[in-house]
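**Student:** According to Swiss-Prot, the feature transit peptide maps to 1-49. Residues or ranges marked as transmembrane segment in Swiss-Prot: 71-91. According to Swiss-Prot, the domain 'Rieske' annotation covers 115-211. What Swiss-Prot lists as [2Fe-2S] cluster binding site is 157, 159, 175, 178, and the listing cites similarity to another entry. Residues or ranges marked as disulfide bond by Swiss-Prot: 162-177.
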């Protein structure tokens, strides 16, 4: 007469779609009793139930992406890589660029950006994030002559929506999620991002920087703005 027992074992499984997570499996052990009263193992094949994990270019889930975006906001204008300072005022998830009406630019503390004060602490060539249209993280650009550029650059990557940091050492924007690259004006120069970063007008109204939707021709490409 035979009896069966179930014992848990831990297995690493694989699937056609990529790697799978460690999972708990059941190993069926039929026990055959011989004439001496001893059991003789005859193992059957293991059936493993694992949750499949997509391979390679896996996109972080939304919670992790939002956390990454928040961590990047405070340090993207720093030349030293890896120094991440969270800015608590940028909790609004990024949109797709654009908007309607003028929106005062907000700094990392949530204060209105005063153009003259901003230029005292941000040198020529600087690109620092502020909160812009629709709550999107938007770069204010200081031109090489020390003046504030008349445009802001939306930091939302046109591939999958990550916040793109500015790499001062390479003088371009490089997305940490999938490696898309944009020049220092936000024009796409390397995929997988299909489009350039969105623009917004950076006007000065009563001393304050105000973002206004950009609906004219994109000066970087000579084409109509995709975000308008």
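Yeah, the Cβs are placed from backbone N, Cα and C, and that goes for glycine too.
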**Student:** Based on Cβ atoms within 10 Å, give me the single least packed residue among the binding-site residues 159, 178.
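**Tutor:** Ranked by other Cβ atoms within 10 Å, the binding-site residues 159, 178 bottom out at 178.
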**Student:** Suppose you look only at the domain 'Rieske' (115-211); what would the mean pLDDT be?
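**Tutor:** That region's mean pLDDT is 97.
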**Student:** Starting from the Cβ of residue 175 ([2Fe-2S] cluster binding site), draw a 10 Å sphere and report how many other Cβ atoms land inside it.
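**Tutor:** The answer is 22 other Cβ atoms.
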**Student:** What does the structure give for the C-alpha distance between residue 159 ([2Fe-2S] cluster binding site) and residue 177 (disulfide bond)? Integer Å is fine.
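**Tutor:** Residue 159 ([2Fe-2S] cluster binding site) and residue 177 (disulfide bond) have their Cα atoms 9 Å apart.
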**Student:** How big is the Cα-to-Cα gap, in Å, between residue 157 ([2Fe-2S] cluster binding site) and residue 177 (disulfide bond)?
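**Tutor:** Pair distance, Cα basis, whole Å: 9 Å.
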**Student:** If you draw a 10 Å sphere on the Cβ of residue 157 ([2Fe-2S] cluster binding site), how many other Cβ atoms land inside?
**Tutor:** 24
**Student:** Using DSSP, how many residues in the domain 'Rieske' (115-211) fall into helix, strand and coil?
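**Tutor:** So the domain 'Rieske' (115-211) is made up of 10 helix, 41 strand, 46 coil.
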**Student:** Centre the Cβ atoms of 157, 159, 175, 178, go out 8 Å, and tell me which other residues of that chain have a Cβ in range of the [2Fe-2S] cluster site.
**Tutor:** 158, 160, 162, 164, 177, 179, 180, 192, 193
